[in-house]
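Each remark here refers to the structure printed beneath this line.
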Amino acid sequence: MGGANGKSGLRVWRNARLATMADGVAGLGIVEKGAIATRDGLIIYAGAEASMPALAGPGAETVDCEGRWITPGLIDCHTHLVYAGNRANEFEMRLAGATYEEVARAGGGIVSSVKSLRAANEDELVAQTLPRLDALMAEGVTTVEVKSGYGLDLDNEKKSLRAARRLANERPVTIRTTCLAAHALPPEAKGDKEAFVDLVAGTILPGVAAEKLADAVDGFCEGIAFSPEQIARVFDKARALGLPVKLHADQLSNLHGAALAASYGALSADHLEYTDEAGAAAMAKAGTVATILPGAYYFIRETKKPPVDLFRRHGVKMAVATDSNPGTSPLTSLLLTMNMAATLFGLTVDECLAGVTREAARALGLLDKTGTLEAGKSADLAIWDIERPAELVYRMGFNPLHARIWRGQ
């Protein structure tokens, strides 16, 4: 797979079928007899092999793809990948009939993950996270967003984000970090949400920003978490620090989180099961991506589905992600996630594939760099042993990845 710097001379992948996922092109942007040329980690040509300019010089490396399909490298745009321990015991309690409240009273829930993360050092966090990252990468994932949110004080949020950043030194992958300090109340807050929001906006975000540990700021807007007014204070501080925002919105109730996210020009609003028409319209106007998370819906047995038809009608772009986390979506397969999005929520194959490539890149503010097979983008590719792209969504528990290329290597 090459070194972590991802630099190389000219490489050409020929005799391939391409799903370019180019923006503004119908469907998957398919090129039947295609080729891709890369240099210095960037795509310099993607299109019909017959139309490829004469690029080859001495030392050019050519790969015969033997008719395989090439898509952009997959992107998981919403994960909580860095955590310690697991919550399998809560899973057993819930199967035995315990309610969410009973689990929380027994010391479970997000607070359980906070306790575990605080007890672990940075090296331990990296070591525990790498197998989860490897599982994603084994399915052709080349970019992963990783949130904090189990530290909930300055030192532990920084530890979590530093561990996430270190993943990119350990593996050939692009990592985007998001500070989700406004995730839950830590035990020491003793139920005082206002004081904790003061801490997030006044201390945690500035401290994280000073060390450039976060690419974005997120929050959890929900009755069991933070109110729209509290999230607005967090987002005002993020804006002052020059950081883009994202939001866990309308998952368990409609607090108009989607509209709140849109009012701040959020990159994405995520979950969205209870989003209404006004929220969808606001997102469309703001260009905020709807990130669909079927893993959590499945795992906690939700019954209210995100309003996919509303998003289509208003032209809201949809991304699809694992929401990989220890409590509500212990999922590290983006391929299975696509199948869930199609089966549970009715997304089309084209929507699913766009959702883990182009629209996932858009949800991270990276569409100018990755997410499609176009000249000038990072040479992040996934090469598949399949007859047609629909197989990537249709099959379950099957991985047809032939090769994964990150920055040309």
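Cβ atoms here come from the backbone N, Cα and C positions, even for glycine.
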Joining His78, His80, His248 at the Fe(3+) site recorded in Swiss-Prot, out of Asp153, Asp155, Asp309, Asp323, is Asp323
Given that Swiss-Prot records Arg87, His183, Gln251, Thr328 as binding 4-imidazolone-5-propanoate, the matching residue among Tyr45, Tyr150 is Tyr150
If you count the other CB atoms within 10 A of the CB of Gly327 (N-formimidoyl-L-glutamate binding site), including all protein chains displayed, you should get 21
Among Tyr150, Asn325, Gly327, the record's N-formimidoyl-L-glutamate-binding residues, the widest C-alpha separation in angstrom comes to 11
Same-chain shell around N-formimidoyl-L-glutamate excluding Tyr150, Asn325, Gly327, C-beta within 8 angstroms of the CB centroid, reads His80, Tyr83, Arg87, Ile110, Ser113, Gly149, Pro326, Thr328
